[in-house]
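Chemist: Structure below; questions to follow.
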Amino acid sequence: MSCPYAGSGNDHDDAAVPLSTEVGKIYGEYLMLDKLLDAQCMLSKEDKRPVHDEHLFIITHQAYELWFKQIIFEFDSIRDMLDAEVIDETKTLEIVKRLNRVVLILKLLVDQVPILETMTPLDFMDFRKYLAPASGFQSLQFRLIENKLGVLTEQRVRYNQKYSDVFGGDEDALTAIRSSEQEPSLLELVQRWLERTPGLEESGFNFWEKFQQSVDKFLEAQVHSAMEEPVERAKNYRLMDIEKRREVYRSIFDPAVHDALVRRGDRRFSHRALQGAIMITFYRDEPRFSQPHQLLTLLMDIDSLITKWRYNHVIMVQRMIGSQQLGTGGSSGYQYLRSTLSDRYKVFLDLFNLSTFLIPREAIPPLDESIRKKLINKSV
């Protein structure tokens with residue numbers, strides 16, 4: 001029996017069959033490759049002293065900027081979807097999909113650093129003089145990513161100048177910076193979304209009150225267990241540890257303590273938003289909280305990967321120019337970059353610290369029938 005999908009052998013045409021008769025752009029025109037592939041201007045070559053690795057340096061940083069543009073594109077669309085009173089399940093799924101895309105892009109950017117490291121410090125020195133006053137500190141798109149994500153101006157490390165000063169008289173860049181500082185960041189929008197978590201209502205399930213009761217019971221059970229410790233020194237140690245844990249929980253149960261931590265920069269979320277994040281974490285196996293939990297996990301992944309990228313960048317800079325030299329843009333180079341690895345630049349710091357407030361699974365307040373019905377019918 002002949003293959004039902006095979007032709008007769010007489011109707012084969014070597015000429016390519018166009019998918020459409022409409023006039024369109026060919027591959028190179030659509031991607032504007034004439035401009036893209038002609039944008040690598042090696043200053044060492046113009047100086048009649050071409051340095052081979054300058055080409056790699058340019059290509060790598062241009063690739064970074066292209067991916068930065070895509071990240072901004074994704075962040076803007078995600079912020080648009082989050083900027084609503086109610087976010088239905090289909091939108092949450094799309095937000096999760098796009099956040100995951102950003103995560104994969106950032107993984108690619110982290111893995112791109114070792115390619116630059118194939119260049120030796122001596123190779124870099126051959127063309128470094130041509131870079132001044134250019135500097136990665138002047139990457140407008142990376143600053144926009146930070147602002148759109150939620151890095152606050154007061155949280156930034158200042159070295160000699162405000163971060164936006166490097167853009168000098170570039171009014172378009174300064175306008176973009178100001179706009180990104182004023183519009184709602186991803187952090188602010190996620191905070192609003194968490195504040196609406198169903199189950200937090202005092203007139204309803206009132207998760208927060210039930211959680212406090214569960215924590216009190218959990219700690220009292222630990223005290224009771226510690227009191228049965230036959231060795232006095234071990235008993236006192238356990239009791240001291242329990243008191244420390246009680247103080248940790250007080251930092252989330254007492255709104256005044258929480259607000260003080262926010263003002264100090266040790267917390268980011270509002271008290272209500274933190275409650276929502278804890279509730280989603282505890283009940284992540286519930287169908288309605290499955291996607292929100294994925295969303296929170298992806299936000300932590302983004303923070304982690306940006307930190308990893310910063311770290312790889314720091315190590316590469318130290319390897320290329322050491323820890324004492326100034327950067328090409330006049331910043332303190334290695335010292336400045338190392339300072340950006342602190343929690344000051346971690347936007348979703350509170351999500352990383354949620355594990356501090358966990359209690360054993362058996363101590364988690366059970367959902368009653370009314371909240372289960374509400375979760376079935378309510379968008380988060």
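Note: Cβ is positioned from N, Cα and C throughout, glycine not excepted.
According to Swiss-Prot, the record shows the following:
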BINDING   F57, I58, I59, T60, H61, R128, T328  substrate binding site
BINDING   H313  heme binding site
Chemist: Whole-number Å distance between the CA of F57 (substrate binding site) and the CA of H313 (heme binding site)?
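Modeler: That comes out at 13 Å between the alpha carbons.
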Chemist: Between R128 (substrate binding site) and H313 (heme binding site), what is the CA-CA distance rounded to a whole number of Å?
Modeler: 16
Chemist: Show which residues of the chain containing H61 (substrate binding site), separated from it by at least 6 in sequence, have their CB under 8 Å from its CB.
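Modeler: In sequence order, the residues whose Cβ lies under 8 Å from that of H61 (substrate binding site) (at least 6 apart) are G136.
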Chemist: Inside 10 Å of the Cβ of R128 (substrate binding site), count up the other Cβ atoms and send me the figure.
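Modeler: For R128 (substrate binding site), the 10 Å Cβ neighbour count is 17.
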